[in-house]
Amino acid sequence: MGDAESTKDRLLLPVERVENVTWSDLRDGSFTVELKRLIFFAAPMAAVVIAQFMLQIVSMMMVGHLGNLSLASASLASSFCNVTGFSFIIGLSCALDTLSGQAYGAKLYRKLGVQTYTAMFCLALVCLPLSLIWFNMEKLLLILGQDPSIAHEAGKYATWLIPGLFAYAVLQPLTRYFQNQSLITPLLITSYVVFCIHVPLCWFLVYNSGLGNLGGALAISLSNWLYAIFLGSFMYYSSACSETRAPLSMEIFDGIGEFFKYALPSAAMICLEWWSYELIILLSGLLPNPQLETSVLSVCLQTISTMYSIPLAIAAAASTRISNELGAGNSRAAHIVVYAAMSLAVIDALIVSMSLLIGRNLFGHIFSSDKETIDYVAKMAPLVSISLMLDALQGVLSGIARGCGWQHIGAYINLGAFYLWGIPIAASLAFWIHLKGVGLWIGIQAGAVLQTLLLALVTGCTNWESQADKARNRMALAYGT
C-alpha cells in the first residue's frame with residue numbers, strides 16, 4: 001500500500017515549468033536527437049504498415065485472376081468491410097495511443113498490459129454486432145441496388161472475413177502494446193513472416209482448395225490470426241515485456257469506461273475521414289461515364305492510401321513519443337517531438353508529391369493500359385500530389401492529437417471539414433459546375449485543407465505544461481483506481 005501511495009504522490013508532483021520551445025531553443029542538440037529517434041521508429045513502422053496493407057492487396061490480385069465477377073465481388077466486400085468494420089476497430093484501438101502511451105511514460109508499466117486486455121475485451125464485444133452486419137451483407141447490398149450476382153458473392157466473401165475481424169480485435173491492441181513501448185522489431189519481424197506465409201497460403205486456398213474467391217477471404221482471416229498469435233507469444237515469453245505483462249484478472253473490467261471515453265471519439269476521428277473518401281467514390285458512380293470516373297478516382301485513392309503509410313508511421317512515432325513524454329511530465333520534450341515530427345512530415349510531403357508530379361505521365365500506366373484512363377490519371381496527378389502533401393501534414397498532426405488525447409477535438413474537426421465543407425463543395429463542383437471527377441477531388445481536398453489548418457491551429461496554441469499536468473493527473477487517478 002505504501003508503494004502505491006508513493007507512486008500516486010510522485011505522479012501528482014507538479015510538472016517543471018518551462019517556457020514554450022522556440023526554434024532558437026533547438027540548437028542544443030535535442031532536436032537532432034529527437035529527429036533521429038523518430039526516424040528509427042518511423043522507418044520500420046512504415047514497413048510494418050505496408051506489409052499489413054499488402055495482405056488485402058495480395059488476396060485481391062489472386063482473386064482477380066478468377067474472373068471479373070470474383071474481382072468485383074471481392075472488391076465490393078472488402079470496401080464494405082473496411083468501412084463498416086476494420087476502420088472502426090482501428091479507430092477504437094487508437095484510444096491506447098493516449099492511455100497506454102502516457103501510462104508507459106509515467107512508468108505504470110503493469111497498467112499497459114491491463115489496458116491491452118481491456119481493449120481486446122471491448123473490441124471483441126464490438127465485433128459481435130459488426131459480424132451480424134457482415135453476415136447479412138448480401139441483403140444490404142441488394143437494398144442498395146447492387147447487382148444480385150455480385151451481391152451474392154460479396155456476401156459469401158464477407159462471411160469468410162468474419163473470423164479475421166475478431167483476430168483484428170486482438171491484433172490492434174497488441175500492435176499498440178508494442179508500439180507504445182517503442183518495440184518495433186517484433187512488429188517488423190512478425191508482419192513480414194506473416195506476409196511470407198500469406199502469399200503461398202492465399203495461392204493454395206484460391207487455386208487449389210476448391211474455395212475459389214472465398215479462399216482469398218479465408219487467407220486474410222488466417223493471416224490475421226497468425227499475426228495475433230505471434231505477437232501474443234512474443235508478449236508472453238519475451239523478457240522485453242516482463243515489466244508490462246499483466247495476468248488476466250477482473251481488473252480488466254475496471255478500465256472499460258476509461259477505454260470507451262477515448263475509443264469512441266478516436267473511432268469517430270478515424271472513420272469520419274475514411275468514410276468521406278469512400279463517399280466520393282460512390283458519388284463518382286453517379287457521373288456521366290461512371291466506369292471511367294470511378295476507375296480514375298479509385299486509382300487516385302489507391303495511390304494516396306499506399307503513400308499514406310509513411311505519414312502514418314511518422315504519426316505513430318510522434319504519438320508514442322508525445323504520450324510517453326507527457327506521461328513522464330516532460331512538457332518541453334513533448335514540444336520538441338512536435339517540431340521534429342512536423343519537420344519529417346514536410347520533408348515527406350515535398351519528396352513524395354514532387355516525385356508524383358515529375359512522373360505524372362507514367363503514373364497511369366501502373367494501373368491501366370486504357371489510353372483514356374491513362375490520360376485522365378495524368379490530368380489528375382497535380383491534384384493527387386497536393387493530396388499527398390496534405391496527407392503528410394494532417395496525418396502527423398492527427399498522430400500528435402492522439403498522443404495528447406485530443407480525439408474528441410479531432411472528431412469535431414473532421415466532421416466539419418469533410419461533411420460540412422469538403423463534400424458539399426465536391427458535389428457542387430462535380431454536378432452543378434460539371435467538373436465531374438476533378439470537381440469531386442477538388443472538393444474533398446478542400447476539406448483536407450481545412451482539416452489540416454484546424455489541427456495545426458490547435459497544435460500551435462497548445463500549452464504543453466498544461467497537457468503534461470493533465471496526463472500526470474489522469475495517470476494518478478487511474479493508478480488510484
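From the backbone N, Cα and C atoms, a Cβ is placed for every residue, glycine too.
The transmembrane segment annotation in Swiss-Prot covers 38-58 (among others). Same-chain residues lying 6+ beyond the ends of the transmembrane segment (38-58) with a Cβ under 8 Å from its Cβ atoms: 78, 179, 182, 184-185, 187-188, 191-192, 194-195, 198-199, 202, 219-220, 223-224, 227, 305-306, 309-310, 312-314, 316-318, 320-321, 337, 340-341, 344.
Summarising the annotation, Swiss-Prot assigns transmembrane segment to 76-96 (among others) and lists sequence analysis as the type of evidence.
As annotated by Swiss-Prot, transmembrane segment applies to 117-137 (among others).
Positions annotated as transmembrane segment by Swiss-Prot: 154-174 (among others).
Taken from Swiss-Prot, the feature transmembrane segment applies to 187-207 (among others).
The feature transmembrane segment is assigned by Swiss-Prot to 214-234 (among others).
Residues or ranges marked as transmembrane segment by Swiss-Prot on the basis of sequence analysis: 267-287 (among others). Panel annotation: around the transmembrane segment (267-287), residues 79, 82-83, 87-88, 90-92, 94, 293-294, 297-298, 301, 398, 401, 407, 410-411, 414-415, 418-419, 422-423, 426-427, 430-431, 436-437, 440-441, 443-444, 447, 451 of the same chain, lying at least six beyond its termini, place a Cβ under 8 Å from a Cβ of the stretch.
Residues or ranges marked as transmembrane segment in Swiss-Prot (evidence: sequence analysis): 296-316 (among others).
According to Swiss-Prot, the transmembrane segment annotation covers 336-356 (among others).
Taken from Swiss-Prot, the feature transmembrane segment covers 380-400 (among others).
Long-range neighbours of the transmembrane segment (415-435) within the same chain, counting only residues 6 or more positions beyond its ends whose Cβ lies under 8 Å from a Cβ of the stretch, are 268, 272-273, 276, 279-280, 283, 286-287, 441-448, 450-451, 454. The transmembrane segment annotation in Swiss-Prot covers 415-435 (among others) and rests on sequence analysis.
The transmembrane segment annotation in Swiss-Prot covers 438-458 (among others) and rests on sequence analysis. Here the transmembrane segment (438-458) has long-range neighbours at 273, 276-277, 280, 283-284, 287, 297, 300, 379-380, 383-384, 386-387, 390-391, 393-394, 397-398, 400-401, 406, 409-410, 413-414, 416-418, 421-431, meaning same-chain residues at least 6 beyond its ends whose C-beta is under 8 angstroms from one of its own.
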What parts of the chain pack near the transmembrane segment (76-96), using Cβ distances under 8 Å and only residues at least 6 beyond its ends? 56, 60, 115-116, 119, 122-123, 126-127, 130, 133-134, 137, 141, 146, 150-151, 153-155, 157-158, 161, 165, 168-169, 172-173, 175-177, 180, 217, 259-264, 266-271, 274-275, 278, 281, 402, 407
Of 154-174, 187-207, 214-234, 296-316, whichever stretch has the most CB pairs under 8 A to the transmembrane segment (336-356): 296-316
Checking 187-207, 214-234, 296-316 against the transmembrane segment (154-174) for Cβ pairs under 8 Å, the most are found for 214-234
